[in-house]
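What follows is a short report on a single structure.
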Amino acid sequence: MDGKSKMQAEKHLTGTLVLSVFTAVLGFFQYGYSLGVINAPQKVIEAHYGRVLGAIPVVRHATNTSRDNATITVTIPGTEAWGSSEGTLPPSAGFEDPAVSPHILTMYWSLSVSMFAVGGMVSSFTVGWIGDRLGRVKAMLVVNVLSIAGNLLMGLAKLGPSHILIIAGRAITGLYCGLSSGLVPMYVSEVSPTALRGALGTLHQLAIVTGILISQVLGLDFLLGNDELWPLLLGLSGVAALLQFFLLLLCPESPRYLYIKLGKVEEAKKSLKRLRGNCDPMKEIAEMEKEKQEAASEKRVSIGQLFSSSKYRQAVIVALMVQISQQFSGINAIFYYSTNIFERAGVGQPVYATIGVGVVNTVFTVISVFLVEKAGRRSLFLAGLMGMLISAVAMTVGLALLSQFAWMSYVSMIAIFLFVIFFEVGPGPIPWFIVAELFSQGPRPAAIAVAGFCNWACNFIVGMCFQYIADLCGPYVFVVFAVLLLVFLLFAYLKVPETKGKSFEEIAAAFRRKKLPAKSMTELEDLRGGEEA
């Protein structure tokens, strides 16, 4: 960012803008909390499921101790210990229902993880409709009801069939997060000045990783991750939903929505003055007017038209691929199953190592806030994918050779931390806001809905299938992600444009000028030239 842009950014950074962006990204904080909270207390919750379902050994507190002191070792896929830290149970242990297969338990646990993404998939298609129907702020207010309801179900899980209540609660919370993950980038991109749009856009990812970190810390067994308090741990993000609800009452509506969708010129000016301070709003109003005329000429774009029109095709492909890159990079495998991965790497206290990942995650997301406007979206995205590819290969080597060389555990751990660092450099934050930058007002709601569905669908596939793939592939599980990362890297190099410092109309016009046939790999050089700024 040059000196002039920096001065403009500082001039536009008002208290109202900070409040509005902070309030909006609380939705992403809840998304991150929901991603991370299911990880640390996995064994405690699985043990409770087992007691409810009768699928695991239950210690009988009999007074007759005449039997010898031999112990019975019990192994259930995905866990090392049910009754003690050594994975053993006293001989007085028995089974409530030995006919219930441990694989049923694995299935319920996988559903508990992945139903969150199912909810997100279902609701993501309604983002454009509810955002246009109610407005950005009112829509975020209304959907908070889903978050509160879902968290209540999980918080009360011990009062009923816990596995059903948790799966239902995770699904409803996913409905909220699916809507929020579309509404929040839409709102933030529309209230942000061009000079700050990238930096404020990365706050989505910062909120996610902060939520993950807090859930991991609270999930320690001496805090909330124990047999008594885990329902409170699962339902605690409802507090963030309540906070967001009341803070949204203080936030102005998106001036772009007011001007372009509703035609309320004076209200749009008032909103801009609240967001920008004493700055003259007419320059942004003129840009909105140009965008409004363009939107009026192309009318409202449906999801079907988004795919059928050649005008949007290349932008849609890029939007979908950056979402697929984010989810199929393997990062959710780290978030969901990091404790188990650290155990395989031979770490004595894997939960603390997982928290370490969360700390690194947060620190480098903060760094990316400053990098994204300096280095550009495309450069960071490519650098992140390349680093993740190398880290995935190193992680595979470390896990594969662990049985032969004990020091390979350090290679695996370092690779995990580097994997997370490179993710936060580019593939983590950039997909959340680049989709909003690729499309003008007309197709933007449909594009965000499609991209959101794609992101959630990939999230579900990883959450549902990773445990089974890990059991099948063993230490070579990250080879799958390494191959995918190579594909994503090649695609990003060939097709993803630079959007830094460009208005929505400039980006949309660049896609319209050329249809991107196979004749050239550098047909968006006019956009990529923005990297020099």
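Every residue gets a Cβ built from N, Cα and C, even glycine.
Curation does not apply to TrEMBL; its annotations are automatic.
Among the features that TrEMBL reports, domain 'Major facilitator superfamily (MFS) profile' is placed at 20-500.
Among the features that TrEMBL reports, transmembrane segment is placed at 12-33 (among others).
Annotated transmembrane segment per TrEMBL: 107-130 (among others), in sequence order.
Here TrEMBL flags 137-157 (among others) as transmembrane segment.
Counting residues 6+ beyond its ends, the transmembrane segment (163-188) has Cβ neighbours under 8 Å at 20-21, 24-25, 27-28, 30-31, 34, 38, 45, 49, 52-53, 108, 111-113, 115-124, 126-128, 130-131, 136-137, 139-140, 143-144, 146-147, 149-154, 156-157, 200-201, 203-204, 234-235, 237, 241, 254, 432-433, 435-436, 444-445, 448-449, 452, 455-456 in the same chain. TrEMBL lists 163-188 (among others) with the feature transmembrane segment.
Residues annotated as transmembrane segment in TrEMBL: 200-223 (among others).
TrEMBL lists 229-251 (among others) with the feature transmembrane segment. Same-chain neighbours of the transmembrane segment (229-251): 16, 19-20, 22-24, 26-27, 29-30, 33-34, 37-38, 41, 44-45, 48, 137, 140-141, 144, 147-148, 151-158, 162, 166, 169, 173, 176, 211, 215, 218-219, 223, counting only residues six or more beyond its ends whose CB sits under 8 Å from a CB of the stretch.
Feature annotation from TrEMBL assigns transmembrane segment to 315-339 (among others). If you look at the transmembrane segment (315-339), the same-chain residues 6 or more away from its ends with a CB under 8 A from one of its CBs are 35-36, 38-40, 42, 113, 212, 306-307, 350-351, 353-354, 357, 381, 385, 388, 392, 416, 419-420, 423, 427-428, 430-431, 434-435, 438-439, 447, 450-452, 454-455, 458-459, 461-463, 466-467, 470, 477-478, 480-481, 484-485, 488, 491-492, 495-497, 508, 511.
The feature transmembrane segment is assigned by TrEMBL to 351-372 (among others). Same-chain residues lying 6 or more positions outside the transmembrane segment (351-372) and placing a CB less than 8 Å from one of its CB atoms are 36, 39-40, 198-199, 201-203, 205-206, 209-210, 212-213, 216-217, 219-221, 225, 334, 338-339, 342, 380, 413, 416-417, 420-421, 424-426, 428-430, 500.
Under the heading transmembrane segment, TrEMBL lists 379-401 (among others).
Note on the transmembrane segment (407-425): residues 205, 209, 329-331, 334, 338, 341-342, 345-347, 353, 356-357, 360-361, 364-365, 367-368, 371, 380, 383-388, 390-392, 394-395, 397-399, 401 of its chain, located 6 or more positions outside it, place their CB under 8 angstroms from a CB of the stretch. Annotation source TrEMBL lists transmembrane segment at 407-425 (among others).
TrEMBL lists 446-470 (among others) with the feature transmembrane segment. Below 8 angstroms of C-beta separation, residues 77-78, 106, 109-111, 113-114, 116-118, 120-121, 124-128, 174, 178, 181-182, 185-186, 301-303, 305-306, 312, 315-316, 319-320, 322-324, 326-328, 332-333, 336-337, 340, 431, 435-436, 438-439, 477, 480 of the same chain, each at least six residues beyond the ends of the transmembrane segment (446-470), sit close to that stretch.
Outside the transmembrane segment (476-494), and at least 6 residues removed from its termini, the chain residues within Cβ reach (under 8 Å) are 321-322, 324-325, 328-330, 333, 378, 381-382, 385-386, 388-389, 392-393, 395-396, 399-400, 427, 466, 469-470, 521. Marked as transmembrane segment by TrEMBL: 476-494 (among others).
With a threshold of 8 Å between CB atoms, the same-chain residues lying at least 6 positions outside the transmembrane segment (137-157) that come near it are 24, 27, 30, 119, 130-131, 165-166, 168-177, 179-180, 183-184, 187, 231-232, 234-238, 241-242, 244-245, 248-249, 251-254. Sequence-remote contacts of a segment are chain residues at least 6 beyond its ends whose Cβ falls under 8 Å from one of its Cβ atoms, and for the transmembrane segment (12-33) they are 140, 147, 173, 176-177, 180-181, 183-184, 187-188, 191-193, 195-196, 200, 203-212, 214-215, 236-237, 240-241, 243-244, 247-248, 250-252, 274-277, 279, 432. Looking at the domain 'Major facilitator superfamily (MFS) profile' (20-500) alone, the prediction's average pLDDT is 80.
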